[in-house]
């Protein structure tokens, strides 16, 4: 007589044995659970055998192990984990992001990505599962769906299959692609090196995006300035690289928007700081309806005509004065309304910059910024400023009170300090006083440390050098805060209060 429960125990034992045998049958034949006798122990495989097991079938000895995406540890691939979950598989052969896409969707939304290849749903085929097996479209409808924005079927770089383009890639390199075969990366191949973007960049849709330090249509030119200097030159007034609207190439911004007519596009400026789209009530790149037709667009901001206001000059303003009467009241003794330093509204001036007490007066005629040098020092620290003119302390003179009346150096030393590079005293356009040049007052446009600059070279706007919104420094406008442009004619500061 068997003890109670013996039958149940034998039944359990048989079931456990069958499960163990099933697990063993599922283990690959080349798998050895005892390749190492313990953690940190020496591998029982030779190096050659270990690498053979980590190498893809058919790959010769010496070839990359683990598909170059991991390291081989005693015949087992340990995939790189710098991008967690990206590489996987027994030989790190799988990459979950390399499946083909169509119209922005992996496997066209008609399949699943399995180890880099699309497994298409029933009724679909193609590398990206983009082609239906059965087409119920007419040829006319199919061709219509294959036309690009210029009404060209598959951009003349492919054939149309049931409303979907199949791009010409007879050599199998896949350089022609896109929903309408609009991208041709063969345009990126350097004629001399025959490399994509000369080996110094990446190609996207026929355009090269160069590595740091390289530029050119095919990244063929090396930049002769440091990356830091390039970044500095491309930094816009708001501290962003090319205003986040362009690409910095060797110190110059290439703005994202280029007008096909060859003129300025919607985005322009040395650092792409100007966006004319902000001046349009409804954006249309081929429309000139700036500022609702009641103002002028300056670097993306509307300067409204008298009688109108609003961000896009869309609101009429009631004023008892006519336009001519309003402007005349704002001119005063100046040739320009508000002396070119403010905005005229119904005969009253609002001076730029808003809230800056250095610009004031009924017609903004006083500009105390004119008393400052390039370092911002008022009247050289030897005087006070009154309505844009320096009142010098005793013992000092000059436009910025920069010259002492008494000199403690010899005349010989003084003259040696005033000689320009060509050995001429003050470039022959001024006199020397205590080691500094005093440029001729008769030639108002002469300036510079050695009177070697011509302020007439500075850009003008509305007849004013640097538009009165900056200092002319040896032929170039140094704009005051809030102003930009070659002639400091563009206001980029805050809105009017």
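Cβ atoms are placed via backbone N, Cα and C, with glycine included.
Curation does not apply to TrEMBL; its annotations are automatic.
What TrEMBL lists as signal peptide is 1-25.
Positions annotated as domain 'EGF-like' by TrEMBL: 93-130 (among others).
Within the chain carrying the domain 'EGF-like' (145-182), a Cβ under 8 angstroms from the stretch's Cβ atoms is held by residues 102-103, 130-132, 135, 137, 205, all 6 or more beyond its ends. Residues or ranges marked as domain 'EGF-like' by TrEMBL: 145-182 (among others).
Sequence-distant contacts of the domain 'EGF-like' (187-220), counting only residues of its own chain at least 6 positions beyond either end whose CB sits under 8 Å from a CB of the stretch, comprise 178, 227, 247, 249-250. Look at TrEMBL and you will find 187-220 (among others) tagged as domain 'EGF-like'.
Annotation comment: TrEMBL describes 233-273 (among others) as domain 'EGF-like'.
Feature annotation from TrEMBL assigns domain 'EGF-like' to 278-314 (among others).
Computed over the domain 'EGF-like' (370-402), the whole-number mean pLDDT of the model equals 89. If you look up TrEMBL, you'll see 370-402 (among others) marked as domain 'EGF-like'.
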